[in-house]
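Report on the following structure.
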């Protein structure tokens with residue numbers, strides 16, 4: 001049985017790149033009828049694990065990516081937190097020491113730094129000569145008496161090669177001489193990443209280690225640990241990393257200021273911030289950004305649309321097909337179609353996927369998803385009927401690309417809507433005759449007996465004919481006067497949704513402001 005895993009650290013957020021890696025593991029397991037395991041790498045004792053883990057688990061649940069074993073669901077191979085597996089790591093370290101594949105080392109950091117600098121001056125690669133290695137208890141006691149602290153290092157081979165068969169990279173050959181004697185346990189006995197990861201993968205019976213390419217340099221030393229402990233090696237597959245928008249560097253949550261210079265990224269972030277502000281969301285500025293999954297959940301993205309887009313970051317079925325249901329992803333996904341090159345994160349394409357998916361929803365589902373945002377923004381109250389909301393959604397059509405986009409149509413619900421100052425200046429304040437035309441049109445609208453979209457259109461067009469003007473000479477001023485916006489869904493649909501009383505009152509208020 002195929003068993004894959006995703007092993008996040010409890011950082012308090014779920015990174016887009018991490019989710020893409022988790023998705024590929026999840027799909028591989030699902031397709032084969034295997035199991036997907038969630039393991040928590042929580043060896044940092046200073047971190048509040050429960051608080052930091054919750055957003056990660058919530059993110060996976062929102063995405064619909066269930067796990068067969070791990071936090072909250074348990075399983076036969078637990079515990080699933082590294083902080084609870086100390087005995088296993090200590091036993092593995094002791095076996096490596098006993099079998100001569102590791103040693104206790106008492107070098108001080110500053111001594112190692114001096115050796116590195118000397119090697120650098122001589123133009124040579126630094127290779128630790130093990131001069132502070134304790135080969136027996138007497139030597140260890142001597143070093144301890146000097147106030148030194150002993151760590152556990154791997155005793156790496158100095159000759160030969162490590163040959164790694166990677167499902168994506170092919171055959172990868174690493175010269176053992178290029179590997180350092182890596183530290184695998186601290187002086188207090190607590191494990192470091194390489195030891196813990198190998199032991200966990202073995203004891204959790206992981207068959208396929210599918211992870212980002214940045215871990216490829218770790219693989220030879222992990223192979224050495226596994227073979228030294230007598231473990232069967234898993235199958236390795238190293239994915240291309242997710243690159244930043246318009247660039248080749250790895251996507252990082254720490255480079256938000258840089259990404260804001262990318263137009264599409266900046267537009268997405270600004271829109272998210274607008275939704276958060278209007279809906280009174282309590283968001284963390286450090287984690288509310290498009291590099292992290294929670295951003296999309298907060299602003300009303302569809303999880304399936306996000307997963308569909310992430311699937312294509314490094315994978316392709318035939319170079320043409322882009323839209324997949326979750327069932328189709330599971331059916332079609334194979335590792336042999338994963339690219340080696342990094343895939344650049346494209347905010348505009350992601351939004352396009354979201355818009356297409358949202359447009360395919362039923363009217364009832366769209367209303368269900370949008371309603372919480374409308375309530376949070378104060379557009380409707382809990383328990384209110386949805387007539388106005390449904391009318392706005394019907395009129396907005398594909399202009400509404402995600403649930404949070406309802407904030408763009410605040411003018412349909414409330415009178416404290418935002419006003420586009422540039423549009424106001426251009427279409428009203430500095431437009432010759434706009435005030436007079438609006439005043440005349442308003443009297444015509446007040447006299448209208450029917451105010452549905454079709455009748456309003458007839459009324460406005462008849463007014464233009466009687467005034468000898470083209471509709472373009474009044475329609476833009478009319479939109480700004482009644483909505484404050486430079487653009488939106490159909491003008492006559494907009495007027496019908498607002499209703500005659502609200503339309504005429506807003507025109508009167510606008511005229512008064514132009515006096």
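Cβ coordinates are placed from backbone N, Cα and C, and glycine is handled just like the others.
Pulled from Swiss-Prot:
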- 253: ATP binding site (BINDING)
- 8-18: motif ''HIGH' region' (MOTIF)
- 250-254: motif ''KMSKS' region' (MOTIF)
Give me the DSSP three-state residue breakdown of the motif ''HIGH' region' (8-18), ordered helix, strand, coil.
3 helix, 1 strand, 7 coil
Hey, what's the Cβ neighbour count for the residue listed as 'ATP binding site' at 10 Å?
17
Average model confidence [pLDDT] within the motif ''KMSKS' region' (250-254):
91
